[in-house]
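Read through the structure below, which is laid out as structure tokens, and then see the notes.
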Amino acid sequence: MSPFILATLLFALGLGTTVTFASSHWLLAWMGLEINTLAILPLMAQHHHPRAVEATTKYFITQATAAAMLLFASATNAWLTGQWDIQLVTHPLPITLITLALALKIGLAPLHSWLPEVIQGVDFTTGLILSTWQKLAPIALLLQLQPTNSTLLLALGITSTLIGGWGGLNQTQLRKILAYSSIAHLGWMTLVLQFSPSLGVLTLIVYFTMTFSAFLLFKLNNSMNINALATSWAKAPMTTALAPLILLSLGGLPPLTGFMSKWLILQELTKQELMPLATIAALSALLSLYFYLRLAYALTLTVSPNTLIGTTPWRHPTSHLTLSLSASTIATIFLLPIAPAIVMLCSL
């Protein structure tokens with residue numbers, strides 16, 4: 001892909017998200033989501049591989065369905081209440097339809113089945129965009145809808161944490177594991193979105209930081225499945241030594257950064273007298289922690305099979321920029337001590 005076309009598509013990607021952020025009218029927000037979807041499709045299919053084309057087709061059909069549902073719900077709201085303003089949705093039918101449409105867009109369970117298949121079919125860079133940037137616009141609309149449909153959001157959130165944990169247990173493909181990790185983390189964010197929007201935004205930022213590190217780590221090692229992780233020691237020893245900390249931070253293990261959001265969310269759910277929900281969410285975190293530990297074991301405690309004794313895989317010079325990986329790794333591991341300052345900034 002030529003640099004001019006790539007720059008145009010990335011500009012359209014940013015424009016669509018910005019339009020949705022800045023809109024107060026449902027039609028304008030829908031238009032921003034559509035620009036966003038149309039801009040990512042050529043990036044997904046740029047390698048012309050059958051798996052990439054299949055993933056692009058699945059993504060297009062899913063996003064078109066969600067966009068049609070969103071447009072229908074907003075038109076229904078205008079018909080029932082006479083209002084097109086995003087923050088003036090008061091009728092329960094449009095609220096439910098809009099929430100389900102946005103849940104389908106970001107891949108919340110039980111509307112999640114498209115996400116692992118799509119991320120499995122694209123490369124790590126496009127998968128990173130799908131897991132991070134593409135979530136921003138729908139979540140911004142969900143933030144403006146809260147706290148109008150608490151039961152539905154709680155059901156979507158707890159279902160996502162459970163399915164995100166269960167789904168990643170028997171996976172061997174790294175991109176599918178990261179997709180189920182995305183489902184689980186978005187479930188945690190949805191649980192607290194209506195009670196504390198600032199905490200929901202903090203959870204989203206922490207998730208973006210950790211996911212950025214994980215995707216760049218696997219991209220640097222060029223590892224597509226768990227077995228390929230065994231060769232990481234020969235390719236990047238220092239990065240491989242820090243990789244278990246990145247994965248355990250994704251699992252929410254103290255004293256790493258990922259523990260911050262889970263700790264605060266459980267505290268908030270307890271304040272709201274939702275003890276059963278908090279207990280189930282905490283237990284679901286153990287499911288996610290298991291497959292992160294599995295990846296950490298494959299990275300650090302296994303050796304790649306060699307036919308000759310004493311041979312090691314070739315360590316080619318990397319062509320990837322490692323500055324972004326270094327910065328995100330530091331944030332993924334060491335941000336917990338300044339958690340109070342981060343919470344204060346997010347609540348402003």
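Keep in mind that glycine also has a Cβ here, set from the backbone N, Cα and C atoms.
Annotated by TrEMBL as transmembrane segment, the relevant range among 6-24, 177-195 is 177-195. Contact between the transmembrane segment (92-115) and the transmembrane segment (177-195) is present: at least three CB pairs lie under 8 Å, with pairs separated by 6 or more positions in sequence.
Of the two recorded stretches, the transmembrane segment (277-300) lies close to the transmembrane segment (151-170), with three or more CB pairs under 8 Å once pairs fewer than 6 apart in sequence are set aside. The domain 'NADH dehydrogenase subunit 2 C-terminal' (289-342) scores a mean pLDDT of 71 in the predicted structure. Here the transmembrane segment (201-220) sits apart from the transmembrane segment (151-170); fewer than 3 CB pairs are under 8 Å, leaving out pairs fewer than 6 apart in sequence.
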